[in-house]
Amino acid sequence: MKAAVLALQGAFIEHEQVLQRLGVETVEIRQLKDWQKFVSSASPSLLGGVRGRLDGGRLLILPGGESTVQLRLLKELGLFEPIRQAIADGMPVLGTCAGMILLSQGYLGTMDIRVRRNAYGRQLGSFHTTGTVEGIGDDVPMTFIRAPYIEEVLSADCQPIAEVDGHIVAARQGNQIATAFHPELDSDTRLHQLLISLQ
Ligand code: GLN
């Protein structure tokens, strides 16, 4: 199994470390040819499998960082459409913080969520708590850094899976998982394990 980690900007190295600890090979996506190589090296036996053409043994991480910068680079580098299509075709994806913003409406738009950026204000936006994530369990560490939250879930295909102070901070839609917090910055690997289990 291989995971592509979007490595244009932001907190991608920490995701690579978690995945490697869990035995998943990681590939940094910095340009279109990295993505093309990642996708075309999928195991032939898995190509054409039930979930579609592009996702055999493949996972994707959209890390935190600055969503405006990431969006601009995705478009400039020609990565926006191929990545959007792979997610739409069912490639399991975990988007954290800015990565959650990228999955939302107005960005890649593959998740039926509307997100408020910097929702906690620039000063108060960074804090740590623990909470329950549906399908994962209790006491999940949640580190928020200038975090967004989900203002609205727009369809029944998408389920909120965690709330903090009455705001939705994680959601799941099929093979897509989005968190407003940074699971890669804590030692709890359950969210990454959930991602791996989707493959
Ligand atoms: N505030 C950032 C944005 O809007 C997200 C912060 C993060 O990813 N830690 O893109």
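Backbone N, Cα and C atoms are what each Cβ position is placed from, and that goes for glycine too.
Listed by TrEMBL as binding L-glutamine are Gly65, Glu66, Ser67, Ile145, Arg146; the candidate from Arg84, Arg116, Arg117, Arg172 that the record includes in that site is Arg117. The Cα of Arg117 (L-glutamine binding site) lies closest to that of Cys97, out of the active-site residues Cys97, His182, Glu184. Following the DSSP three-state reduction, the secondary structure of Glu184 (active site, charge relay system) is helix. Distance noted between the C-alpha atoms of Ile145 (L-glutamine binding site) and His182 (active site, charge relay system) is 8 Å.
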